[in-house]
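Taken verbatim from TrEMBL:
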type: DOMAIN; residues: 19-423; note: domain 'Aldehyde dehydrogenase'
type: ACT_SITE; residues: 209; note: active site
type: ACT_SITE; residues: 243; note: active site
């Protein structure tokens with residue numbers, strides 16, 4: 001196996017204990033900050049080449065949010081690393097019982113192409129903070145960013161403990177043949193199943209950050225202009241190539257007509273009368289993805305946009321109406337700048353529509369009535385939820401980010417990243433003396449001794465009472 005030597009080298013480094021001291025972890029995390037600072041311009045240029053992404057969008061999503069994660073981790077790492085003392089019954093009051101957060105060992109992070117810095121760097125921050133050695137596999141689809149990461153990142157990190165592996169499906173397949181102690185994958189559900197199957201051969205735990213079709217319910221009671229701007233921003237940011245983008249709107253026919261006017265104005269306000277000329281609107285990442293997204297334009301009827309330019313991999317910000325649940329665009333994650341609208345009669349029908357499908361990575365609800373937003377929240381299930389906005393919940397390091405069911409397994413961001421890459425080891429330390437206290441548990445057994453054990457070790461329910 002071409003990667004066996006690399007994995008063995010990192011495992012030897014981990015077994016040496018090199019990555020465990022807090023000082024070491026902090027030094028490596030600070031090096032990631034220097035990487036972002038030093039290579040900022042190259043990152044902007046590489047992602048512009050790969051995705052046609054505006055510098056504003058890149059700096060916000062790929063640099064600023066990563067720096068927030070980094071600073072959150074550096075500010076709180078000493079607290080996160082501390083042993084957590086746990087409750088003890090009477091019989092163990094003289095003992096020490098605690099949870100120790102330990103690194104898993106050698107972990108693998110496989111990143112996607114749509115946010116090619118953010119989606120490897122944020123989990124990497126958590127893996128380093130937890131004391132692991134790491135192999136990072138950036139996506140080969142975003143070729144310029146992959147090259148930048150492979151060439152630049154190793155000069156910032158300890159090469160004995162961290163490595164970057166490049167390549168496509170064949171290389172990733174061979175890489176997965178090796179035993180890792182944890183695998184973190186971001187991508188599609190079909191590839192997630194492949195990752196999980198490979199991990200199962202070694203009983204390796206995984207986090208799968210997948211995707212899906214994120215519903216966006218718009219009630220009849222809302223500020224239509226604000227809804228349109230927030231939905232258009234979330235749908236067309238990064239040319240729609242965002243795993244938590246609103247994937248389709250659910251609203252009444254009356255609201256659809258209002259939204260179409262407001263969405264048309266929002267798109268014009270954001271990108272001008274010809275979005276292809278806007279420096280703020282991105283492009284589809286590859287010819288393969290362009291053809292896939294373009295085919296989806298055949299669903300329903302184009303109400304806004306619909307223009308394409310194959311040579312530039314451009315697809316205009318597009319809104320579709322008359323969309324049926326059976327249409328191709330409703331069978332897969334869009335991952336492009338197309339927003340279908342599905343007409344429903346009321347909120348109950350919208351909730352039934354959502355619950356009849358795999359649980360999404362994100363779910364959005366808009367209403368001026370907080371009771372309606374709460375109804376959608378309480379009666380549905382999703383990886384994350386955002387009321388009266390889109391995407392913005394992912395910017396909080398204090399919230400866990402992750403899917404459920406078809407949209408993923410496990411969470412990260414902030415402390416949740418540290419926890420994901422940490423094994424919580426239950427520990428009990430007792431003194432060598434006081435042996436008479438242990439006598440009741442030894443043979444020969446008796447009911448009297450069991451009564452002593454029960455009295456000193458029982459966990460009682462609080463506020464228990466017996467009605468006589």
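Every residue, even glycine, has its Cβ placed from backbone N, Cα and C.
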Ask   = Reported as an integer number of Å, what is the Cα distance between residue 243 (active site) and residue 209 (active site)?
value = 9
Key: Spatial neighbours, same chain, of residue 209 (active site) - Cβ under 8 Å, 6+ residues apart   = 119, 184, 185, 186, 187, 243, 401, 402, 403, 408, 410, 412
Key: Confidence summary for the domain 'Aldehyde dehydrogenase' (19-423), mean pLDDT rounded   = 97
